[in-house]
Amino acid sequence: MGDKNFLLVMCLLASTLYVAIASSDGLVRVGLKKQRFDINSINAARIKGKDSMYAKGEGSTTHDSDDSTLNTVSLKNYLDVQYFGEIGIGSPPQKFTVIFDTGSSNLWIPSSHCYFSVACFFHSRYNSSKSSTYTEIGKPCKIHYSSGTILGFFSEDNIRVGDLVVKNQVFTEAIREGSAILSLASFDGILGLGFQDMSVGNVAPLWYSMMQQSLVVQKVFSFWFNKDPSASEGGEIVFGGVDQKHFKGKHTYVPVAQKGYWQIDLADFLIADHSTGFCTRNCTAIVDSGTSFIAGPTAAVTKINHAIGAKGFVSMECKKVAAQYGDLMWELLLSGLQPDKLCSNIGVCFNNGTRQLSNSIEMVVEQKRERHTEVGQDLLCTACELILAWIRTELMENKTKGRVIEYVNKVLYLYIIT
């Protein structure tokens, strides 16, 4: 799968604003900009499996540092849901705004040969005839995302990231962007930072090429996200190391658990220093810089929203199940009934309760069913499983029935649905 010793470090720090000046330290930095969160605009921010859409930023900036081995690219923040930066392709460089995405492995940008996709006409397009370092490959390819498919062909050229020039990098020229969402997006393409194992066409990702061409001293790339909402700079991605200015103390290192993604094992999942019980059968998580939100089991994500005071919409199905079956669910759990059979036993689920919500990764936004009756029944079943998970968690803390039911009713108002 390539070199698994390459480290990904995510630094989430609320530090002072880092002033942008010329780079002389060898690190590649891409800077970020903060934009005030606007809940009314959130639906306009959707792309790739996470359904996020991104805005194109201004040109990238490089920064000075005492470490001459780092190369840094400035990133910009759009609606608190995505960070993006600028790269150059070809000689002379043609500029493109891309998402630096650890959840995928290919680099793609719109092609000048894209004639029949409306999205291409709203973005910068790569013109191979204007590059003296272009090498034709021409092999067709498809890159699948849940929101659509990118159709194109492979090409080879030099890629500039910050102060680095990666030579003879294979990338995809997109000639058809299969999602209408991309027509509205202001970003041009996606630069994958995942492993070669999940790369379409087995193309070596850009960071592999950086190592193979000895462009970085350390086999490390790191993200810094600025949490200061008043700062104009949102953060940066650093190739070749970690910028010491953006953190204090020591990092915690964990091994990659499975080939493909930056996937790690979780021993426990805590909220406010209390175990949620969601990882009793072991959990894994993916560190994905292209994901806009925390995604996971719906019951767990809802508890996070409750803990941080996030606001959402009331699920009428949840309210119905809680009002009609809350007491019964409590009594059945105390009687020793197997939790994974409870919702089917009370007639809310018709799948024998085998979905095991707490052990699967489910997005908060449910996929629509073809028939309305199936939608209603599925929502009731999901609501039952959610409430069951909450009750079980509270029971583990020896809460009284009154306090548990009160907690369930309170957290229902934080269950976000679309």
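Placement of Cβ uses the backbone N, Cα and C atoms for every residue, glycine included.
Positions annotated as signal peptide by TrEMBL: 1-22.
The domain 'Peptidase A1' feature in TrEMBL is assigned to 83-418.
The active site annotation in TrEMBL covers Asp101 (among others). Just so you know, the Cβ of Asp101 (active site) picks up 24 other Cβ atoms within 10 Å once every protein chain is counted. Asp101 (active site) carries a strand DSSP state (E or B).
Other C-beta atoms found within 10 angstroms of the C-beta of Cys114 (disulfide bond) number 21, with every protein chain shown included. Cys114 (disulfide bond) carries neither a helix nor a strand DSSP state and counts as coil. Residues or ranges marked as disulfide bond by TrEMBL: Cys114-Cys120 (among others).
The disulfide bond annotation in TrEMBL covers Cys279-Cys283 (among others). In sequence order, Asp265, Leu266, Phe269 constitute the residues six or more apart from Cys283 (disulfide bond) in its chain with CB-CB distances below 8 Å. Under DSSP, Cys283 (disulfide bond) is assigned to a strand (E or B) in the three-state scheme.
Among the features that TrEMBL reports, active site is placed at Asp288 (among others). Under the DSSP three-state reduction, Asp288 (active site) is assigned to coil, being neither helix nor strand.
Residues annotated as domain 'Saposin B-type' in TrEMBL: 313-353.
Comparing the Cα of Asp101 (active site) with the Cα of every entry in Cys114, Cys120, Cys279, Asp288, these being the recorded positions, the smallest distance points to Asp288.
Annotation note: Cys120 (disulfide bond) sits in a helical segment as assigned by DSSP.
Residues belonging to the domain 'Saposin B-type' (313-353) score a mean pLDDT of 75 in the model. Cα separation, Cys279 (disulfide bond) to Asp288 (active site), rounded: 20 Å.
A separation of roughly 26 Å, to the nearest angstrom, links the Cα atoms of Asp288 (active site) and Cys120 (disulfide bond).
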